[in-house]
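Heads up, the thing below is written out as structure tokens.
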Amino acid sequence: MNNSKGSPQPPANDLEAGTSHPAAAVEDDDDSSSDPFYIASTKNASVARLRRWRQAALVLNASRRFRYTLDLKKEEEKKQILRKIRAHAQAIRAAYLFKAAGGEEEVNGTGIPPLPERGDFAIRQEQLASMTRDHSLSTLQHYGGVKGIADLLKTNLEKGIHGDDEDLLERKTAFGSNTYPQKKGRSFWMFLWEAWQDLTLIILMVAAVASLALGIKTEGIKEGWYDGGSIAFAVLLVIVTTAISDYRQSLQFQNLNEEKRNIHLQVIRGGRRIEVSIYDIVVGDVIPLNIGNQVPADGILISGHSLAIDESSMTGESKIVHKDSKQPFLMSGCKVADGSGMMLVTSVGIDTEWGLLMASISEDTGEETPLQVRLNGVATFIGIVGLTVAFAVLVVLLVRYFTGHSKNPDGSKQFTAGVTKVGDAVDGAIKIVTVAVTIVVVAVPEGLPLAVTLTLAYSMRKMMADKALVRRLSACETMGSAETICSDKTGTLTLNQMTVVEAYAGRKKLSSASNKSELSPKLSSLLFEGIAQNTNGGVFIPESGGEVEVSGSPTEKAILSWGLQLGLNFEVVRSESTILHVFPFNSEKKRGGVAIKRPDSQVHIHWKGAAEIVLASCTQYIDESNHAEAMDKDKMLFFKKAIEDMAANALRCVAIAYRTYEHEKVPADEDDLSRWALPENDLVLLAIVGIKDPCRPGVRNAVELCQLAGVKVRMVTGDNLQTAKAIALECGILGSAADATEPNLIEGKVFRAYSDKEREEIAEKITVMGRSSPSDKLLLVQTLKRNGHVVAVTGDGTNDAPALHEADIGLAMGIQGTEVAKESSDVIILDDNFASVVKVVRWGRSVYANIQKFIQFQLTVNVAALIINVVAAVSSGDVPLNAVQLLWVNLIMDTLGALALATEPPTDHLMHRPPVGRKEPLITNIMWRNLLIQASYQVTVLLVLNFGGRSILNLEHDSNDHANKVKNTLIFNAFVLCQIFNEFNARKPDEYNIFKGITKNYLFIGIVGITLILQIIIIEFLGKFTKTVRLNWKHWLISVVIGFISWPLAIVGKMIPVPKTPLSTFLTRRFRRRRNIHN
């Protein structure tokens, strides 16, 4: 068993993040649709809807066709396992509540095992796991509380473990690692076995065995094995090639899943906050927890402020559990819904409930995409036509054979009643059945839906290099239809590298943001207190000297760095007062606060947040002479003007304020204190700072590329409207200052106040939304979707989760994004860069375009092969393309064709066209035009060769047998070369230059080269297997010319204009009109 790894753990939120628990948004999965193969989004489709299209599909090999779809049976098994484990968690919780209600359990009883006498650590893993799993508070107290457990684990609660290699190895040996056993991926032999399951291939193998037995019996082993052996070999080649292709795809998905799980989080080791992989967490680690984080292991709360945990992933209940000294136990896999805290890790990996859960279920049960479902519909339609044709061919050939109309090359009848031996008659019938079944193999495009997974696997791997991690396959293709992107500002359009460049303190602007001489002693003291205590960041000063390390979100880091420049001694200021209660930053209120108790028992409440909102709560400010002056109208206007000036210069404005509070009014009870709402009125303004966050290089070009591609970029930010406007102008989201008027530029609260109908009108015009809350973002997404748009949304905070979930494509930020946001998203942008979002759009369009190229290529082969064989069978009783030849054509068409065309890299041309409509037909008018021209040409030329080949090729003087073999070999060779040349045409369905960018696609060149070499080998050396003869140079030249003509023909074809109305829509209208006339 290999080890699978845990879940992502992001850094702390930024000021645009939120706090509340996300509400699940449910999409309409269009159950009412009459077409079982149309699902607008598989994101939240019902099981009944998914089962419906499976039942409607014509499938020859279910195990292969449905491999990359959601396994409905496994999904049900997974739910049952989840229910069992959750029931266990609930039983533990019920027992804990029962004990709590009945009084404390006896500590001196036999329930608590004694501490070990020897060993590296003074406590065993079983004891820790038992205590945490049972939520045994009495056991924890018996060991001396959190401090006692920390001592037993040799952990400093403030500085964490030492964290050197020897220490980590010791802990992993004693307590295990934070991994859990994972079921191994399927082996190559499993894929080989699945490829065997195809019904048509099984029939062909049975036919091959029968043919082999009859051949050997009638002609002897030396000559008699060729017919059956060649079919068997061709079938085996198809099976092995299919299995190799599928196995490679599977490995790509496995590697991507490993990337998904390998995430990093912060731990405190040796006094420093460092980032480690979730797998490297060990028992004894001290881990900071913030809103949106996932609890990475089982543990105990060291300290927390308003810490609320969503335990629904373990208990199944959506109830939020508040954690404090009375309920200190934390379960791995749960999410931080509110507040912050520090935890001590007590159990990792398989010793946690989450580890047991992950080891019990298979995480990756597949997922179908809308395009995959639609392609199953196309495959089903083509398959039904193919089956009908194959059955017709079978009936015609059998009737002709048994009525004596089928003749040998020498003109004699193949079957004469009462004369022909039974063995010969059976052999003749088997050959006819073989041809009919092979037509089914070619006609039913089993590889068509799988081409989606091939191109998605390829695209997902390449997107990793473009800094995009795909969590849901369907997002890859849906992104190609995106019409609007609602993007955050901070960190996505900007660099997220923040510095304080302007500051107002007292009643004036500081000449330099870091000029501490302009601050009075009292103002400095209060300001330092507010900066040091009202933060979830930290400052680490190495004992050996060296550069000071500042940690936290970019905004927190900027303000802490500014404080250090002013002379802040972080550790000293933190130690001078005690934190009573914390109000974490809230994206609805746009501020966060802290209540602290000073040594003289004075209580100070510090607030920090959006400048104009905090300023509105201020009634005083501190002047140069250390006095608190009343905030009169003039001073209020002065500070408001300062905020407007800084915002106009694209600065993020943050105000810092405080107030005093009576100590006796502070709640004494721990429960009351945790629910205490910090007073936020009558504040004293300390400072307003302007933080510079430069635009990302290249973001303007990325926005322009989106606009060129018909994708509207909208900025949705929690920042001041003026700051948002300045950044939008700099990024090119707003074309000019003249555009910066309502409703182009709007505040969240204004948009929120409109009625539904007004919102639907205004949403179309909105380009920038400032001071928006996550609920405003959700409202905008819902409104745009109601208007029929395909919406992509970026987000990083916990409160962004509903909007990410509701959007057609949710894009979470990999650096600043919380775990809750990531889990609600479809794609994670690893570098938080808007340019990477645009690359995802390109890849989405590429997926759709590649599938269309493959469909055009495959349908051309299907149509041509079917018509040629049907016409020849009905007219002459013989088919020019035999079973082995058709299997080789099928291999070129299905597996090799998909590999060559489904892995085309995206081009800039894709961004010069509008987005693909959700209901736009898969086969466009351009594709129909190209397909019909090429198929008509191939059918015409090859049928002319079939019926007049002997005279055209000057073969009249040859024997009938040899002339037919040369003619049929030339038809086969020309047909294959037509497909090779047409593969180039399929690369560029709507461009004249079909060779553009071909040198960058080595796989395409390689596959075309291999196909050509194998075709030469088949014709020149494997004639006995394929029933072909060697061709002379003239015949090769004729074959090449026939294939080559498809190139100039394609250029001429592209000059023919096509109507904008899709062919399917046109035919449907005509049918309805005719029906109405008859009625």
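Note that Cβ sites are derived from N, Cα and C of the backbone, with glycine treated the same way.
Database features, via TrEMBL:
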{"type": "DOMAIN", "residues": "140-216", "note": "domain 'Cation-transporting P-type ATPase N-terminal'"}
{"type": "REGION", "residues": "1-37", "note": "region 'Disordered'"}
{"type": "TRANSMEM", "residues": "191-216", "note": "transmembrane segment"}
{"type": "TRANSMEM", "residues": "228-247", "note": "transmembrane segment"}
{"type": "TRANSMEM", "residues": "378-402", "note": "transmembrane segment"}
{"type": "TRANSMEM", "residues": "432-458", "note": "transmembrane segment"}
{"type": "TRANSMEM", "residues": "1002-1023", "note": "transmembrane segment"}
{"type": "TRANSMEM", "residues": "1035-1053", "note": "transmembrane segment"}
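Sequence-distant contacts of the transmembrane segment (1035-1053) (same chain, at least 6 residues past either end, Cβ-Cβ under 8 Å): 929-930, 933-934, 937-938, 941, 953, 966, 969-970, 973-974, 977-978, 980-982, 984-985, 992, 994.
Taken as a whole, the domain 'Cation-transporting P-type ATPase N-terminal' (140-216) shows an average pLDDT of 85 in this prediction.
A Cβ distance under 8 Å defines the sequence-distant neighbours of the transmembrane segment (228-247), meaning residues of its chain 6+ beyond its ends; these are 64, 67, 188, 191-192, 194-196, 201, 204-205, 207-215, 434, 447, 450, 454, 883-884, 887-888, 890-891, 894-896, 898-899, 1024-1027. With helix defined as DSSP H, G or I and strand as E or B, the domain 'Cation-transporting P-type ATPase N-terminal' (140-216) counts 49 helix, 6 strand, 22 coil.
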